[in-house]
Amino acid sequence: MNISVAKIARIMSEMAPARLAEDWDNVGLQVGHNDKEVKIILCALDFSAEVLEQAVQLHADIIVTHHPAIFRGIKQLTDADWRTALLLEAARHDIAVYSAHTNLDSVTGGVNDVLASLLELENVEGLSGEDTLEGIGRIGTLTKATDLEAFAGKVKHALKLEHITVIPAGRPVHKVAVCGGNGMDFLDYAVQAGADTYVTGDIKYHDAQEAKGKHINLIDATHQGTELPVVNELADRLALRLSREGYTAKVLVAKETKLLQIM
Ligand SMILES: [Zn+2]
C-alpha cells in the first residue's frame, strides 16, 4: 500500500505527540507536499548537508529528523544562508522534512528512555518529578553501585564514543540522571531527585563548577552522542508500524559524522 507525506506526518505525531513539545519548539512537517507519495524515508538526527546529500542519492521522499529543520523565524528563503539554502535544495528535489524534537525527548521510548536503557538503568522515572514517564530527562539506578571511572567506560561503550568529559564530585555511581542533548538547565532536578551522577551534553565550565559544588558527578557525553541512539530506535519503530499497517515504504538511517572531533 502507498503512503503519503501527510500520513507519515500523522503516524509520527502519534509516536511523538506535538503536545509534549516545549512551547518554544517547532515540530511537525517543516517542508513538503502533503499528497506526495513516499517510498523511502530517511531518519537522521539533523537536517544537514550530509544528510540531504544522502537523501538525494537514496531517492528518499522524506527526511525525518530530531532537530527541527526550521527553528528560528525565516524572513528570506534564499541560498545566502546555509540553513535556508538547504531548505531550498530539499524543495528542489521534492524531499519533505518532518521533525520531532522536544516531543521526542519527552515521549515514552524517546531520546531519554533510549539513553536510560543503553546505560542499563533500572526503576526508571521521569526527572521532572511529575508522576509520569513523560517529560524532560529520566532517573534510574544501576543494579550495583560502581566507581565513576568504570561508569564512564560504560557510557563510552554504550554510546560508541571514544572520549567523554567527566567532572568527578567524589561519589560512587548508583542513582543516575540522564538528559539527552543540552540538559544543564535541569541539573537541579537531578540533584533534588537524589542522583549522584548526571549524564548530559553541552556542559560549560561554570556548569561543571556548579555540579561539583552541589556534589553530583557530571558526565558530558556530548549533545550529538546522547541523542544519536534515538535515530535507530525511531527508524525501527516507524518501520514496524508501517509494515504492520501494510505500507511498503522503506525506512533508512542516515550516516552522520561526529560534529565535534578530538585531535
Ligand atoms: Zn538536541
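For all residues, glycine too, the Cβ spot is worked out from N, Cα and C.
As the structure is a computational prediction, the values presented were derived from the model and not from experiment.
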Listed co-binder of divalent metal cation (same site as HIS66, HIS67, HIS223, GLU227, source TrEMBL) among ASP35, ASP105, ASP185, ASP188 = ASP105
Message = Name them in sequence order: residues not among HIS66, HIS67, ASP105, HIS223, GLU227 whose Cβ is within 8 Å of the mean position of the Cβ atoms defining the divalent metal cation site.
response = LEU45, HIS101, LEU104, VAL111, GLY180, GLY181, GLN224, THR226, VAL230
Ask   = Going by DSSP, is HIS66 (divalent metal cation binding site) part of a helix, a strand, or coil?
value = coil
